[in-house]
Amino acid sequence: DGCGHTVLGPESGTLASINYPQTSPNSTVCEWEIRVKPGQRVQLKFGDFDIDDSDSCHSSYLRVHNGIGPTRTEIGKYCGFGFQMDGLITSKSNEVTVQFMSGTHTSGRGFLAAYSTTDKSDLITCLDNASHFSEPEFNKYCPAGCVIPFADISGTIPHGYRDSSSLCMAGVHAGVVSNTLGGQINVVISKGIPYYEGSLANNVTSKVGPLSTSLFTFKTSGCYGTLGMESGVIPDSQITASSILEWSDQTGQVNIWKPENARLKRVGPSWAAFISDEHQWLQIDLNKEKRITGIITTGSTLAEYYYYVSAYRILYSDDAQKWTVYREPGMDKDKIFQGNTELYQEVRNNFIPPIIARFFRINPLKWHQKIAMKVELLGCQFSIGRAPKITMPPPPQNKNDDKNDDFSDDFVHSVKTSLQTDKTTFTPEIKNTTVTPSVTKDVALAAVLVPVLVMVFTTLILILVCAWHWRNRKKKSEGTYDLPYWDRAGWWKGMKQFLPTKSAEHEETPVRYSSSEISHLRPREVPTMLQTESAEYAQPLVGGIVGTLHQRSTFKPEEGKEASYADLDPYNSPIQEVYHAYAEPLPITGPEYATPIIMDMSSHPSTPLGVPSISTFKAAGNQAPPLVGTYNKLLSRTDSTSSAQALYDTPKGQPGPGAADELVYQVPQSVAHSAGSKDE
């Protein structure tokens, strides 16, 4: 009567004294006989040891023996409060006997131990948690039987588990190890989160947990995606059932709880069987063999119909003719899966090892009021190199006289042979335990969209750079000596009124003209061009420098050999193959006087009223001659023929020595004086 929590698996297990972790009762005894495969040995590890040693291990102790029965030999006898066992206790054969004796005592929790075969060198116990290990990632072996009522876990997958949670119990909850078999876990430690959710999975309830400094998760194969019930990948025609609940309500409307309604998260009623007995089933055709790693179930999800399945078993087949009941390896009984405790919440169960099949069938064993459920299957595509499936005996015949006999002892709350009642097994309150799948469809979509978006943005950037570069080159192509054709004359006319009046000291400042206008002309064609295209004559350079633009006009001098003129005027130079850019000398047959540059600013819209046009003439000498007069309007040079042939009066007085600097020219006879003109 001294035996506590005990699970003895084929390769590992867990055992504890009665009432652990509370004080064990007086005068109790328990013996465990452990056997593993022949040729292997057993190793024993204590997770906690607290036995009264007041009488020097005489009445209260733990004794370990090699072998079983009368021929067994003692390995050691142990007692003490808080006794620390260094290392492992190893047997010499494949059989071990563990004996616990509790005499009269007032304190002492007893013990909890784990065992495994000696090839599991990284064995831990059900009490170990992540805070016991300093490595950021490690592998450990969990024994069978770590779903213990006195251990707590907080969290769920994929978010992770609180560092205070039992590693092995969390592994069972996550579906990476089996409670009846144990197994290897690969643990990864990371930074904690403020809140840990609670859920129910694989008959393990995780609780809500507060903030922690670290958490742990498990590395898995990643084969936990949904297989198409919720998403509709599995068509309605591939979901069938043994019977369908159907009736008409008071309004005459027919309610049909069809098998295609058994899709998880589908709004509306679920599938429900017309007959509530243990022979009903819901079948799903996956169209081809898949690797099935788990199942999620709910009830009817309709408050007015409080239907759900609380226990079921699983069958699978390759041809829908010969069915195999799911059993865990080494077990000789069908595995009974924990179902729902109410109609809304989702409950997950994992298959270890996975099921490889095309046809999948759920056989309800216990239910509330009526058989009704919604499901989703978890798994992935089946790869070619699979391990051979475990051969299972044929399922028991569904006869009334022997129903459920093979699996009545496996479930924690035994499934009775008579399933006609509406009572359900009790399980703790649960929360959503849906495994977040890694959907390959979303990954493929992202793999296509990301490169396309990168290419689009790159193309836009290249277009902008090319446009900016083309604009800069266009600006540079409009060089200092080449204004646009449509703006060469008009721009200068509009800008002249904003320029300062010409002063005497700037008289000789050279003004540049566009070389592109005369570079293609022969020497004697320049004057003709200047006369016929008056707006283009000696056009000033627009280069952005105000000092260059303040010249008002130019004077085209007469060819001559006078020393004073040649010394001072840069225009008087012999005719060469390369002509000066300012102005071409007048032809020999041209008029006696220089052709004036006349610009009519009165017609410009920006010219103020009453502002006269001005013409400047350059006479021989260093000083500019005074203005002849001011006129309201001057003859425009748009008529180049008449302007070139205009006649002038002779100068007043007789020229004499030194009179060249004082010459004043009269207004041409062909131009009438305005009312307000004056003569000097």
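Even glycines carry a Cβ here, placed using N, Cα and C.
All TrEMBL annotations are machine predictions without curation.
Not measured: the values here are computed from a predicted model.
Feature annotation (TrEMBL): of 87-110, 327-350, 639-662, the stretch labelled region 'Disordered' is 639-662. Among Cys30, Cys57, the one TrEMBL lists as the disulfide partner of Cys3 is Cys30. In this view, the densest Cβ surroundings among the disulfide-bonded residues Cys3, Cys30 belong to Cys30, judged by other Cβ atoms lying within 10 Å. The average per-residue pLDDT of the prediction over the domain 'CUB' (3-118) is 91, rounded to a whole number.
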